[in-house]
Amino acid sequence: LRPPIPAPQSLTFPLPSSHSYRGLTLVLTFLSYTSYHLSRKPISIVKSQLHPNCSALGPNPHNDSNSTTWCSWAPFDGDNYKELFGALDNAFLVAYAIGMFISGIFGERLPLRYYLSGGMVLSGLFTSLFGLGYFWDIHVLWYFIIVQVCNGLVQTTGWPAVVACVGNWFGKGKRGLIMGIWNSHTSVGNILGSLIAGVWVSSAWGLSFVVPGIIITAVGIICFFFLVEYPEDVDCNPPLHHVMTTSEKDPEAVTSNEGPLSLSGQSSVDHHSNSPKEPAEQPEAISFLGALRIPGVVEFSLCLLFAKLVSYTFLYWLPLYIVNVAHFGAKEAGDLSTLFDVGGILGGIFAGLISDYTGGRATTCCVMLVVAAPMLFLYNHVGQNGIGTSIAMLIVCGALVNGPYALITTAVSADLGTHESLKGNAKALSTVTAIIDGTGSIGAALGPLLAGLISPTGWNNVFYMLIAADVLACLLLARVVVKEARGWCGPMARQRGYVVT
């Protein structure tokens, strides 16, 4: 009798592992949001070219007059150009803030891949339309305002979608560190946006928008074909989002309505192995009010409002501040402003690492905000004393300002969107993320607006406003910080390493 012939191994192809899909998800979502911020940054670089110092270029070659605005781009050639720049910023940011609250609701109910890809293609279209105003010789303010409003609305598709995708694939373990590194896409996008816009800002500023528009469209098409939304879609088990789900394992974990958000990776396996696809198939999307009732959502949302106010003021006004105070050219100021984003990368990673190690998301944010306030004061007063001092202060301020902002919009949002009070419902991630970031976007709209109104009275007053916002952001987390401290003080909490938020 012949022995049975084994199946030829060469004809079987192993499917990609869950690790491969996690890596692919990180890369694609990283590139996606990098391109979102890449397309937002050019406006801050181009501002100095829309209203440059024409007197430095000599007399008007057309009529030999000594007008100081002959080289400016109408309608930004008047004395109210700062207010008009503020209007441009707020057209985008107010639309973004309003749209974000709606976007999360749609994100929970539509396929994330279609939602994200469609939003990126539309963002590329409206970004390019702003730059085409240069080539079409458009000098009507309302054209630029309408384009900014439309762009702000469609860009709300990005953040809830990418955080939901990452949250679907990654559990608690090292979420702070992973998302801290992953969140560098914000700063990388700002840096690339500044460098790309700087290439054409002095020659043909329209290309500073058209090229980023093409890039975000191309990345959106790539995501449409390759992004995987849920582990269950490719027969992978979903991750564990919290440590213990039953009162038998931890009676104290359910004594509070604000259960623990453990950051330990040493969690025991719960009952997901019996029906791994159940969370993705049965639960309904959470309501807006239901998301607000998740412990910590309101506090972190309001904190982000003021933290994002500071961050976006720097995003939109830092190059112009450097031009006015340090007297650099438009390209040099844009290049120097990227150091703030370099600091933001370091701050996001540092905040995620520390919060993972200590188990204190709110405490980490609070400490960084407290230290940021005096650093902003020092940067305004001594930051322009020399190129070395300016570089160092920009990196330090970027780390302290963007660290809490990065931590709240990534790890904290994912923690709250997969809070154990949801009982495994993964359909809250997008809504919770949209609420937190939408509230923060109100601050993002207020910051540049206030900067535009206050800057004519002096840059010192702008920095006083930013320092006050940092202090308020810290105070709003006081209740959560106290609860984290109580969690550390309890012997059982210290042994398990969880924090009540």
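Every residue number used here counts from 1 along the chain in the order it is shown.
A Cβ is built for glycine as well, from the same backbone N, Cα and C atoms used for every other residue.
Note that the structure is predicted; figures quoted are calculated from it, not measured.
Among the features that TrEMBL reports, compositional bias 'Polar residues' is placed at 254-268. What TrEMBL lists as compositional bias 'Basic and acidic residues' is 269-280. The annotation domain 'Major facilitator superfamily (MFS) profile' is assigned in TrEMBL to 25-486. Feature annotation from TrEMBL assigns region 'Disordered' to 247-280. The transmembrane segment annotation in TrEMBL covers 84-107, 114-136, 142-170, 182-201, 207-228, 297-318, 362-379, 391-416, 428-450, 462-482.
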* Asked: So are the transmembrane segment (428-450) and the transmembrane segment (182-201) touching or not, going by 3+ C-beta pairs under 8 A with a sequence gap of 6 or more?
  -> no
* Candidate ranges 114-136, 207-228, 462-482 - greatest C-beta contact count to the transmembrane segment (362-379) (under 8 angstroms) -> 462-482
* Average pLDDT across the domain 'Major facilitator superfamily (MFS) profile' (25-486), rounded to a whole number -> 81
* Quick one: do the transmembrane segment (84-107) and the transmembrane segment (182-201) reach 3+ CB pairs under 8 Å, ignoring pairs fewer than 6 apart in sequence? -> no
* Structure fact -> When counting C-beta pairs under 8 angstroms to the transmembrane segment (114-136), the leading stretch of 142-170, 182-201, 207-228 is 207-228
* Could you give the residue numbers and ranges of same-chain residues that sit at least 6 residues beyond the transmembrane segment (142-170) on either side and whose C-beta is under 8 angstroms from one of its C-beta atoms? => 21-22, 25-26, 29, 32-33, 36, 39-40, 87-88, 91-96, 98-100, 102-104, 107-108, 112, 115-116, 118-120, 122-123, 126-127, 129-130, 133, 178-179, 182, 227, 229-231, 238-239, 241, 409-410, 413-414, 417-418, 426, 429-431, 433-434, 437-438
